[in-house]
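Sequence annotations record features per position, and here TrEMBL assigns transmembrane segment to 69-87, 99-117, 138-166, 232-252, 264-291, 311-331, 343-365, 403-424, 445-462, 468-498, 518-542, 562-581. Among the features that TrEMBL reports, Na(+) binding site is placed at ALA77, ASN82, SER318, ASN350, LEU415, ASP418, SER419. The disulfide bond feature in TrEMBL is assigned to CYS178-CYS187.
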Amino acid sequence: MTHCRGNGNQLLFCQPSLLMKIAKENETTLEPDPMENLQLAELNTPVEMKTEVPSNSAKDRQWKENIDFLMTLIAYAIGLGNVWRFPYLCFKHGGGKSIFNSIFCVLDLSGTAYIYGRRQYLQQGSIGIWKLCPIFKGVGMASIYLSCICNIYYCVIAGWAIFYMFSSMNFSLPWLGCDHYWNNEHCHMAEFSNETSIINNATNAGYHETPVVQFWFNRVLQTSDGIDSFGIIQWELLLILTGIWIMTYFVLWKGITEARKVIYFCAIAPYILLIVLLIRGVTLSGASMGLKAFLTPNITKLTDITVWRDAGTQVFYSSGIGFGSLVAIGSHNNFNHNVYRDSIIMCLINAGTSMTAGIAVFSILGHLSMTLQVPLNDVVQSGVGLIFQVYPEAVSRLPIPQLWSVLFFLMIAILGIDSQICVVNGVMEGLSDQFPLFFLRKRKIILLVLCLTKFILGIPLVSQSGQYWLTLIDSCAVSGIPLLFVAFFEMTSISWGFGKKKLKAIFKEMLGFEISKFWIVTWQYVTPVWILALFINVVIFYSPVTYPNGRLYPDWASTLGLLMSLSSMIFIPSYIIYYIFKAPGNSIKQKFLHGISRHSEQL
């Protein structure tokens, strides 16, 4: 069999016109995917009829240095999923959740290696890789959809951080006193000195709020009473949101492989600042109370399905399994890059970053608990804004607090923008697989339309009810049911449909050695069973979204959340039905087998 290997790829990855020619020479039958007919026709058009088509060779798409891939992984590893989402989920469940990091570590590692390997072998994005098993192309579409939803609120979180950063550029930090126009009679400024708690402006001993908490709710969010009270658009946050999307557009102007300096900065700078906050946090009085709550496993929580749901989805969320980000990152590797090694490094960094952020947050919570003389769970309100209530308290206790506050919130902004850039890049890579030539001609226009659309969809999140909308989207549209559903099909469709023998073969060809049977067993049995068990339990014990105080969202919002969950899942069964309807064959069984083994002879 003739091969087309300019970059290590086999016959499967040649241009479709060349595939047809070679298939004809070998008297074989190669049936095109129903969804690719239009693209095949376009790709087979004579070159002289085309206007200038930019180069998209494998060499142009690859990282310039192997270290670029690793640094991109590190930048992706320390993202909002670690520093923002993990601590607030731990606080939501009363701490002790760190034990689940080790339980799910093998799932994280196996899934990451599995995804990187397939993408690296095919050198394509989240839709193109399903040429291996075309009947499940809907999985790639669903992952692209999930990525788009994430983009809508990632930039809003980064916008909050930028708001704090600019607010820190004052003679005194605005959340250090109770004499601002956004403070009320419940504001209590607590200072801890010489083991004595000094509480100022105490008008109601039964209801205390720190200036930090009031700055967050009354100044930054100007929060309304609920999701059904939309309020006004906050022009400051809207301007910041606009700036973030403009920055995202220009960073991806030439593609992620050209943004080396940005990637290196995003990979290194946040760790320096996070370590500084960690050191300061653990040296505060009362930090041991928070660390005990964080590190002590709560056995009673093992029966709470919500904990398992959040723990499982957090692994996928922070590592990118089920999204299109890992697709794009892995597709730029050299064919023989040691993806196995980098997967291990990435997962260790991922877990370590989450633990570091958790320790930093809970040590500060312990300090606040002792200072305010209230239980740890009552120090702040649980929710998406946890870090914006905890970290400002920490930086205010450092020398030159304005400097550290600016640097810290710059770090959060970097994490949000970096995560957003990776996710937008994943969406763009997926679109380029489906519409290659059109995408190459109009890439910058498509990127502009994509960024503009997501910006418009994110505007409600900077209203006075924005935090409630963000919670609804994060809980229903991305986490839990839809993410587990997509991740299950992503792990099983190729490991079973494509087959373990072919998986072992492609990894051996890339790495030069056979992978352990342990990973094959994990990909085919362990990880899918865990995901399926989580999915079934989440569906059976589904609970509607609630406000931080436990009050239920209104019925219309709960219904909308359910529709959000279904909106990404529908891609997979819909495409399967479409493929079976269009594929050749006399029976459904023949059509299905055609969809899972279409290119097996070429591998």
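Here the Cβ of each residue, glycine as well, is placed from N, Cα and C on the backbone.
468-498 is the stretch from 264-291, 403-424, 445-462, 468-498, 518-542 with the greatest number of Cβ pairs below 8 Å to the transmembrane segment (562-581). Summarising the environment of CYS187 (disulfide bond), the number of other Cβ atoms within 10 Å of its Cβ, over all protein chains shown, is 23. All protein chains shown were included, and the count of other CB atoms within 10 Å of the CB of ASN350 (Na(+) binding site) stands at 28. Between the CA atoms of ASP418 (Na(+) binding site) and CYS187 (disulfide bond) there is a gap of 35 Å. Each residue contributes its Cα atom, and for CYS187 (disulfide bond) and SER419 (Na(+) binding site) those atoms are 35 Å apart. Between the CA atoms of SER419 (Na(+) binding site) and CYS178 (disulfide bond) there is a gap of 35 Å, rounded to the nearest whole number. Looking at 138-166, 264-291, 445-462, 518-542, the range that has the most CB pairs within less than 8 A of the transmembrane segment (403-424) turns out to be 138-166. Ranked by the number of CB pairs under 8 Å to the transmembrane segment (445-462), the listed stretches 138-166, 232-252, 343-365, 468-498, 518-542 are led by 232-252. Long-range Cβ contacts of the transmembrane segment (264-291) within its own chain (Cβ-Cβ under 8 Å, at least 6 residues beyond either end) map to 71-72, 74-75, 78, 83, 95, 192, 195, 353, 356-357, 359-371, 376, 391, 394-395, 397-398, 404, 407-408, 410-411, 414-415, 417-418. Note: the CA-CA distance between LEU415 (Na(+) binding site) and CYS178 (disulfide bond) rounds to 31 Å. The CA atom of CYS178 (disulfide bond) is located 38 Å away from the CA atom of ASN350 (Na(+) binding site).
Take the transmembrane segment (468-498) and the stretches 232-252, 343-365, 518-542: counting Cβ pairs under 8 Å, 518-542 has the most. Within the chain carrying the transmembrane segment (138-166), a Cβ under 8 angstroms from the stretch's Cβ atoms is held by residues 80, 84, 125-130, 220, 236-237, 240-241, 243-245, 248, 322-325, 327, 384-385, 388, 392, 405-406, 409-410, 412-413, 415-417, 419-420, 423-424, 426-427, 430-431, 433, 454-455, 457-458, 461-462, 466, 470, 473-474, 477-478, 482-483, 485-486, 489-490, 493, 564, 567-569, 571-576, all 6 or more beyond its ends. For the recorded positions listed here (CYS178, LEU415), the lowest count of other CB atoms within 10 A around the CB belongs to CYS178.
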